[in-house]
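Record features, source Swiss-Prot:
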type: ACT_SITE; residues: 183; note: active site, proton acceptor
type: BINDING; residues: 44, 45, 83, 113; note: 3-methyl-2-oxobutanoate binding site
type: BINDING; residues: 44, 83, 115; note: Mg(2+) binding site
């Protein structure tokens with residue numbers, strides 16, 4: 001069954017949780033799709049996990065399009081969403097429509113994601129949805145604002161901050177977002193937002209009560225050197241890969257591989 005936006009929204013109503021992971025190329029996308037991931041996010045986190053940048057800000061729209069095309073070639077079932085990178089949508093709703101239109105025209109992705117729920121961004125989401133472009137919202141910790149935060153601290157800890165994030169989520173739903181990512185907020189706030197919205201919430205460090213969960217695949221598989229505090233590693237692939245490559249190098253260097261036969 002091919003996953004669609006209406007299907008995700010039906011799953012919220014039925015209580016079936018949504019599994020989301022990130023991918024940045026054909027290989028990872030094909031593995032995630034075969035494993036049953038519901039939504040594959042071509043996240044701008046690829047700037048860090050695939051391209052070696054210190055944060056997500058250097059990534060360009062052309063680079064996102066390149067990686068999204070590669071991801072889509074590996075997907076048969078999952079819904080694919082492309083992150084709009086920093087600087088490709090904040091200037092105006094018109095800029096956002098141009099950038100998002102390129103995503104839908106130049107890749108097979110079905111939707112875009114952007115960060116923020118402040119009034120200007122809500123207006124942008126309204127324009128995108130009116131243009132027929134599905135939007136995945138994102139509130140709480142928004143990594144493209146890393147320099148404003150001075151890092152990646154939890155958001156929504158004060159009453160005022162929690163009320164603001166809740167208001168942003170409601171405004172994004174009213175603007176037409178089909179789902180919203182809640183990142184690095186207290187679990188009780190994640191529950192409140194999930195109960196208030198009729199669209200799915202996808203949590204990352206937002207507690208167990210969201211309608212779905214997302215992790216960066218490098219974190220979920222134990223490839224990252226440093227894990228976020230809310231991530232869970234389901235494997236230790238970093239160590240497995242290091243050991244395998246070291247064994248290969250040793251066998252080549254000592255003339256054990258390929259054998260004499």
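Count begins at 1; order follows the chain as displayed.
Just so it is clear, glycine is given a Cβ too, placed from its N, Cα and C backbone atoms.
Because the structure is a prediction, the values reported are computed rather than measured.
For residue 183 (active site, proton acceptor) paired with residue 45 (3-methyl-2-oxobutanoate binding site), the C-alpha to C-alpha distance reads 13 Å.
Classification of residue 183 (active site, proton acceptor) by DSSP places it within a strand.
Look at residue 115 (Mg(2+) binding site): DSSP puts it in coil. The Cβ of residue 183 (active site, proton acceptor) has 24 other Cβ atoms within 10 Å, all protein chains considered. The residues near the 3-methyl-2-oxobutanoate site, meaning same-chain residues not in 44, 45, 83, 113 whose C-beta sits within 8 angstroms of the mean position of the site's C-beta atoms, are 22, 41, 42, 43, 46, 56, 64, 82, 84, 85, in sequence order. A distance of 9 Å separates the Cα atom of residue 83 (3-methyl-2-oxobutanoate binding site) from that of residue 115 (Mg(2+) binding site).
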